[in-house]
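Annotation source TrEMBL lists compositional bias 'Acidic residues' at 1-10. Positions annotated as region 'Disordered' by TrEMBL: 1-51, 97-130. Taken from TrEMBL, the feature compositional bias 'Basic and acidic residues' applies to 33-51, 97-115. Residues annotated as domain 'G-patch' in TrEMBL: 67-114.
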Amino acid sequence: MASDEEEDDYLTMTFDEPSTTRKETSLQRTARLKKEAAERGRIPSKAEKEAAAAAAREKALATELDSSSKGAKMMAKMGFKAGGGLGAAGNEGRIRPIELGMKDDKGGIGADSEKKRKIREAAAQADEGVKRTKISEEEFRERNVKEREEKRVEGLWLGAMKILEGFEEDGDVDQKDGIGPGGKGHSTKRLMKSVNILYRPLVKERLEKERDRRARYDLTQSLSRNEEYTEEDAHDKLALGDEVQELDEEDSELEEYQGLPATEKLDNVVKHLREKYWYCFWCKYRYEDEGMEDCPGLTEDEHG
């Protein structure tokens, strides 16, 4: 029965797959040999040689130490096992050896690390600069509001100083001697520090503009002045700017006052107007007595 099963089944037809390989012709063989000879005879370029050497080096470095080598046998005698780290049990070191880094430039040892450090520092500084320049929309809006408010307060302070100067001129004899707009302009150096510090910046700014105007006038007149007019009277000297005004001398009191916030400078002037002249800067009115009964208050907010 078993012998019958081992016999071939002649009813089953099997066909062998036709061979897909064709026999090489003589022409093909000749062309192949010529091509191989040309490849063997071609001298590889420098780049190809370097690439082949790098590939061979990487392959050799990636190949683990053969256990049959003398070095592997010596390490095995000292207790080293393949896949383990160097050192005693429980205090094993690194498993993979330190990789070889090829140096192909002329920089000294550690130069690359220094370059990388500088690059990292430059990148960090650039990031910090970008962060500083990134201002949120809310911060930008708040800053603009603050700047506009400071400019508005500066304008109010300037107006308050002009009002105070007008009151001071009416009652101060020294002001009529040269500092006020109606003065004669003499002894500026002597009188400048006698001006009330609360509006001294206004006076100094006006006198500096007048000095510059006189300097320009003097330059123009010096080019067209007739030589036969050698003497000038006091008014000519004043107009021609021959009388030098020492406005650039140090004034520590003025510098300290101008360094105050604009709101504080405005408050000082407004308070002085109320106490000395019974004038409310916010009401724009001078009251008849010290009580100032109809004034709603001291601040701008109290006046609505």
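Cβ coordinates are placed from backbone N, Cα and C, and glycine is handled just like the others.
Automated prediction, rather than curation, is the source of TrEMBL annotations.
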For the compositional bias 'Basic and acidic residues' (33-51), find every same-chain residue at least 6 residues outside the stretch whose CB is under 8 Å from a CB in it, and list them.
none
Helix, strand and coil totals (DSSP H, G, I; E, B; other) for the compositional bias 'Basic and acidic residues' (33-51):
15 helix, 0 strand, 4 coil
Considering every residue in the domain 'G-patch' (67-114), what is the mean pLDDT value?
74
